[in-house]
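Scroll down for the structure; my scribbles are underneath it.
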């Protein structure tokens, strides 16, 4: 066995350990389908190693071509031989594994020539691989979980439209997951435009074969700078570090295990978008037989491992890819008695053997070739091993953990840019002012009355109608500005009774006394000056007069109308939109400041900002507008009842 195979196997296990450690853990996704000797799809999933199995590839589609799937020696699509995979797909999904189809690849005939072409391809994918209906489904009746964009050729246009069309099908029931594998130069030449849509759930960036943005022992800055650019500019849920699994797996960009653990991962894992490590390999994670010189199999779990699949890339149609997404807790232990790396009883303490997937096929000759006269890196034997110059924990990481505990939410997929965000907010402010200060008063004047001359009940009804008109105008603006992005991703403007959002609302209510305390603090910092004229609102006047009808109308205004309109704008639209450009916690804070400013009351800024943070955290964690609306309504009702004392 070559020393390079030991290095690559060591790197794989190191990645598993590093992903399993700590709260920012990932898992493993693997491409399957480009090597007939890699085992069946069901066997791959039965290892229990993977969160995602990606079937590769659909390399022919678009531009009027008949789509054709290519699964190497696994099955013959021309004779409907791949439909038997349906049971394997269901078996994987029953284990909680998401099974996806990768379109494109390094060698194929594919392109999109128009918007209509993109829509046609999306329709084909939906009907033949996802939740649609067709009599010609290549993989049988099993419904895949999503589509992976491995675009390395063809045209650079219309991939964004394909992503939008596919994402729109999520509205019809089961979510359609979207992933992509761009190269590290930003933006990617092929799918850069598509990634701007914010519709992709996972992006694994290839940090190799690209010297300007890959790692080198003399300069880690290129990789770190590129990583920061990707994580700040792309709104995917998680972004992964794509690496070759061994020196021979790519032309350049391999990172030794020691450098990966002591330098690279500590530099990038602080990102809230860090998802894990993706490894590229041409079965380089296993052993090479001295007799055949061919790659063997790699150990990934107990009690045996799986032959890693081939996968085309830019350089070679036989390069394979292994991806890190979510590691089982069962992979945490690793010592000299572990089933992941087993010492042979016939060997010395420094001799190791990595188990193979099909143990019944292992010959005695192969077992003899498994002996290795090398030690694995110390950090693989002892998970607590840390380089002397690496600080495992500090106050910054502790603060980050505390923040994550409060604001543990994923960012939204945002199809629009800052231009649309600014447009919506400015139009909303303008409509609020125009409707409340001009249109409604003008209509009242035309009808021959003014608000000040009305009775308490008349003023309450006037306020209710004004508030409803302002709210409906805001919704109309939202609908108009976002119409071109329809259908919206499934996580937008969700309003449902399902889920555990009631607990979040309950926790939010516990913050009400603190909001009250902040009101007093705000008044101490910014007191009302004696020269400031004292005004009594219509709400307070109706309470003083004890007019039950007027009080009921005002209760509807403050406890129903205001929470609905304001939550749709500030939590439903502004907060999620900001996650395209900043972390969720920062989006909560910025949207809360905007929420406070919109009330035009300096003496209430602090409590309103804090209240906005509480409602934003509840909404971000529940992804449910009903939760923040109810919390907002309860607070307003609390204030209203307090005025009645």
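Positions of Cβ are set from backbone N, Cα and C atoms, glycine also.
TrEMBL assigns the feature transmembrane segment to residues 425-444, out of the candidate ranges 385-404, 405-424, 425-444, 445-464. TrEMBL tags one of the stretches 527-550, 551-574 as transmembrane segment, and that stretch is 551-574.
The transmembrane segment annotation in TrEMBL falls on one of the ranges 509-524, 605-620, namely 605-620.
Between the stretches 485-503, 580-598, TrEMBL puts its transmembrane segment entry on 580-598.
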